[in-house]
Amino acid sequence: MATLQDISVSAAINLLSAFVFLVAFAILRLQPFNDRVYFPKWYRKGIRNSPRRSGAFVSKFVNLDWRTYIKFLNWMPAALRMPEPELIDHAGLDSVVYIRIYLLGLKIIVPQAVLAFLVLVPVNWTGETLERSKNLTFSDIDKLSISNVPDGSKRFWAHIGMSYVFTLWTFYVLYAEYKAVAAMRLRYLASENRRPDQFTVLVRNVPPDPDESVSEHVEHYFCVNHPDYYLTHQVVYNANKLATLVEKKKSLQNWYTYYLNKYERTSNRPATKTGFCGLFGTKVDAIDYYSSEIQKLSEAVTAERDKVMSDPKAIVPAAFVSFKSRWAAAVCAQTQLSRNPTIWLTEWAAEPRDVYWNNLAIPYFELSIRRLLMAVALFFLIFFFMIPIAFVQSLANIEGIEKVFPFLKPLIEMDSFKSVIQGFLPGIALKIFLILLPTILMTMSKIEGFSSLSSLDRRSAGKYHLFILVNVFLGSIITGTALQQLKTFLDQPPTEIPKTVGVSIPMKATFFITYVMVDGWAGIAAEILRLVPLVMFHLKNTFLVKTEQDREQAMDPGCLDFATSEPRIQLYILLGLVYSAVTPVLLPFIIIFFAFSYLVFRHQVINVYDQRYESGGSFWPDVHRRLIIGLIISQLLLMGLLSTKKIEKSTIALLPLPILTLWFRRYCKGRFESAFVKFPLQDAMIKDTLERATEPNLNLKAYLKDAYIHPVFKGSDLDRPQLIFEEENSPLVATKRTSKEGSEASSTHSS
């Protein structure tokens, strides 16, 4: 069991490492040759110029102004200086709503920590149960927890009362934040500039027609059923193979340019090998080799392009349908088009940069099968991952290591080494297991077939949250001491599980303290130092970058990793909710993490990250739902813990809490969630009216011309698919249908 000394050693290590990476960040970000890595957003906006363009030769690489090193923390007030409305314009609403999650954690945890230390810590400390117990090993931290209160004591009513206070405070904060974010989203949608997705709907599962192609069928259907508002449509092509060939050709062209530049500098014909990465195979002339490969690939691209454009099977039964107004698009996206609810399915089109084109080619009937298979795969991934985590956690203590490696016993028994193991090793062991997990979960989400990057991020975040909840939180509590506890847990009836988990909670406080320090500081250090992008930028500059344009391409700022970061925030809030009434000593560590993370991510959003897409904060209902789940878990675990403390009627006293929480969740969903899934027709009409008044000559057709064409056809010499526009002057809707069977759209519409 980790002691206060162990926690102190771990805290000292993390504080020292925090100071080191802050100094390292201050030094790295001030160097002119790193400027594009730590301030790429301003370069992309064209506001910042490279400091290497002027000054002495040395000053182009090293910052010689010693005064800037003294103020190495000046980035912190700078990160807080930009007001929120300006930050929304600068970085987008998604980024602002994301960093508000850290602020939300502070709003919830800080008042709880103050009340817990004023009320519950004295109640726990004066219980003196652990000191009176014989043959019981405990630490000073345990004396601050609920474990130090004797069974059957009326002191537990203080914990019950404070749990109500904590729950009601959390209700207030969540309601206020949900209301604020919903209002921000509605203001943003009402004020944002014109975007193609405001006029466009994604239509999937277009039914087959024996007499018309998919494009003709879509045009006919919407001319009949939306005759006054239908404007244009773009069918979806299965161009995934073509996109792969085009990307491969770009890669070869980059290598060709590299070797050509090298030849022009040295006048010596460069050579390469034909095998993997130019390391194996026959040695050949690099310029001739890549020129030949590019020629072969160009022919393959041309052939595949012709196949995509001419083969009817390359057209997916889906289309992006655009309308003459936002109001018409909102009506179409939010209503059922057909008697058969499984065809002509509509949803708001994601903005063009948010579309995940690879998944649009998946037949709609496969989606349910794919998602079922991935749900089963996720279950097995979570379940079987508990085994290695339980094994590692059982080894990450003194007894486990001495049993497996008895020859290390003399070294392990040293006080300093023992403190490091108990205070640092468990969190490190768990961190190693989680490195590859986000990639696995994102791959599973892509297999499920979601059609936008934002939905992929939200789905992956949901999987990661479930994984962390089961394996990191519950798994560490249940199986953290030994593998045998897993069997005991599985053999128990369901009614006893909350009691078993509840009893384990106080004992695992020290583990979660070290986990917050190790995982939290490691994540912040990796975030702010940006060592991987820094190394990659300089490698590209050294070997591939020869012009200013190449340098711009090498400067990849990255984006917010919502799918990984958001579930981790949820875990820390869950820990705060659970331990606020059990072991409040954990709360200051969580507060420090949230405060510093808020500063760091605000700095990154202002100076570094680019936007892959803008969803208008549409992920907030998922955040709120997961917070409600964490609140209910904390209430059930407290009920389970108190049920073992021989206090009468504790379960009855706490039972209203989860009921109130479920009611609160239902109320918030009905009150605010519609703002995140629907677009009010009133707002759509207002924007349409204002646009017609301010831009009466707007050519909407030209504006939407290239919006939803597959990126492989953009910016290249490839033939582009043609957009299909309605024939405005035709009184009848032309059709090639001869069969009497078809959808209800088969009837001819006359003016």
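Positions of Cβ are set from backbone N, Cα and C atoms, glycine also.
Annotation comment: TrEMBL describes 8-177 as domain 'CSC1/OSCA1-like N-terminal transmembrane'.
TrEMBL lists 12-30 (among others) with the feature transmembrane segment.
Taken from TrEMBL, the feature transmembrane segment applies to 101-125 (among others).
Taken from TrEMBL, the feature transmembrane segment covers 156-175 (among others). Nonlocal intrachain contacts for the transmembrane segment (156-175), taken as residues 6+ away from its ends with a CB within less than 8 angstroms of a stretch CB, comprise 104, 107-108, 111-112, 115-116, 119-120, 123, 146, 149, 577, 580-582, 624, 627-628, 631, 635, 638, 642, 645, 647, 650, 653-654, 657, 660-661, 664, 668.
Taken from TrEMBL, the feature domain 'CSC1/OSCA1-like cytosolic' covers 198-359.
What TrEMBL lists as domain 'CSC1/OSCA1-like 7TM region' is 370-642.
Sequence annotations record features per position, and here TrEMBL assigns transmembrane segment to 372-396 (among others).
What TrEMBL lists as transmembrane segment is 424-443 (among others).
What TrEMBL records for 464-483 (among others) is transmembrane segment.
Annotation comment: TrEMBL describes 512-532 (among others) as transmembrane segment.
Residues 76, 79-80, 98-99, 102-106, 108-110, 112-113, 116-117, 120-121, 141, 144-146, 159, 162-163, 166, 170, 465, 468-469, 472-473, 505-506, 509, 512-513, 516-517, 520-521, 523-524, 527-528, 560, 627, 630-631, 633-634, 637-638, 641 of the same chain, all 6+ positions outside the transmembrane segment (571-601), place their C-beta atoms under 8 angstroms from a C-beta of that stretch. What TrEMBL records for 571-601 (among others) is transmembrane segment.
Feature annotation from TrEMBL assigns transmembrane segment to 623-642 (among others).
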For the transmembrane segment (12-30), sequence-distant contacts whose Cβ falls under 8 Å of one of its Cβ atoms, 6 or more beyond its ends: 38-39, 63, 68-69, 72-73, 75, 420, 423-424, 517-518, 521, 524-525, 528-529, 534
